[in-house]
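Visitor: Marked as repeat 'TPR' by TrEMBL: 55-88, 89-122, 161-194, 195-228, 229-262, 341-374.
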Amino acid sequence: MKVEPPTASARLIRQQSHRRAMVEPLQQQQLAQMALGNDREGLSLGDVIPKANPHANHHHQARIHASAGELSQAVGHYKKAISMQPNDPQLHYELGEIQHQQQDLAAARDRYERAIALQPDWAMAYYQLASVLTRQGERTDAIRCYELALDRFDLTHPHRLYAYNNLGCLLVGLEQFDEALAAYRAARSIDPKFVPLYNNLGKWWLLQGKFDRAIAAYHRAIELNPNRALTHYNLGKAYQKSDRHGEAVACFQRAMELQAGLIAAEIDCGFSLMELGERQAAFAYFHRAIARQPEWVEAYCQRMAQLVAVDDFDRARFATGQLIATLYRQPDSPDMERYLKETYTYLGRVQFDSGRYDGAADYYRKAAAIEPHDRELTKKLEECDSQQQCLQVRDLRIVDTQYPSSGALRDASTACGWDDALIPRGIYPTTRDWWMRSNLDSTHYICVHPAKQTTASPEPQSPSFSAEEKCQGLACHRCLKSTFDRWG
């Protein structure tokens, strides 16, 4: 039988098969060394692996470097592999994951989008893109990507749980509370013991003002994982919002036991102790919190010392600076309570001048608790009460206008003289500006309508502090700032 000589293509196939036979054992050795923790030996094998298939070899080396934590080298190999195989969605996706780890969000987003363009049904690519979009603050687009991921996930896929949880957090951030609750319930149906879910449910109930339900959710999270500092802190916040400050203090203290240096817990523990009248104990916690960042505190105090006070708000800020400086340097000083009283008094005046009589009364009561026999404070509390009564009559008069059968209310409102008592509520840089504007009509000032505080926890398995709560541990400027802001 006549035997034909092998063609050029057949010779090439045979050569490639021979090279693969040489490459694969070396790659297996490399993987074995990496699995044993011998990163240096494993990486060195990459230099002797024959380059039978450059694209596949760069892909393999990229994974090896990534597993060794050498992300920059991994990126280099991925880019070389992509230059040879630009239409491989797996390469774009894996490079996106590495860039995501490097916090290069724009580059990661581009790679995930390319992977989706090449393979539109890839659920995990949508999931990872949603995570990047969340980090970039594009919540609406992130929600859409989580929804697309959920449409494509198999019912048994483990990331369905995280997608529903993260989707709920984003919906809360957009105040779409009913949709958020539906997402949380879907997550709970997948895994009723998923601890972060109960943290997020607790936050959801807090935003609804359902403090008892929030407390129940946090207790459930603690039952499932009693050693998570964040959950104890969140439970303390729920108790604090419910005016159950004794229980709040216990929760904050437990959070501090589990995570030393948790500034947010130290500060909130101090404020709850203040509400309980235990000011010296509160000062000790405040001192611990601010002593961790001496440069920041010194800069704040210097700025306040240079402040030229032109109105009560500036005076409140100046008194706060004195309070913080004394708290930082001499927390046992008898001047602490004097500065605290001054801060509360000035803040009460600011609230009163802007028409927030409830807030003013609250500050005056706190000041009076420090010095109960101050007649001036007693007088100011009476003025707050009088103004609140006039506003109540004003509201009744509005009802009377809409429902004439309530005619008797007109006499009461006239007797009170509420028309003369009302003052505009607005934002003004100084008290003088407010006074000058008080003679203008209501179209010349901005009414204040406080926005609801919302939070989102976009990362799977790790719901974090909200915008006002997130703590960076021993270097948390946000927590230190909250200490100062709550005093003025």
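Note: Cβ is positioned from N, Cα and C throughout, glycine not excepted.
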Visitor: Let's see if you can do this one: DSSP helix, strand and coil counts over the repeat 'TPR' (161-194), in that order.
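Guide: Helix, strand, coil within the repeat 'TPR' (161-194): 27 helix, 0 strand, 7 coil.
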Visitor: Mean pLDDT for the repeat 'TPR' (341-374), as a whole number?
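Guide: Reported value for the repeat 'TPR' (341-374) is a mean pLDDT of 90.
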Visitor: Per DSSP, what is the helix/strand/coil residue tally across the repeat 'TPR' (195-228)?
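Guide: Per DSSP, the residues of the repeat 'TPR' (195-228) fall into 27 helix, 0 strand, 7 coil.
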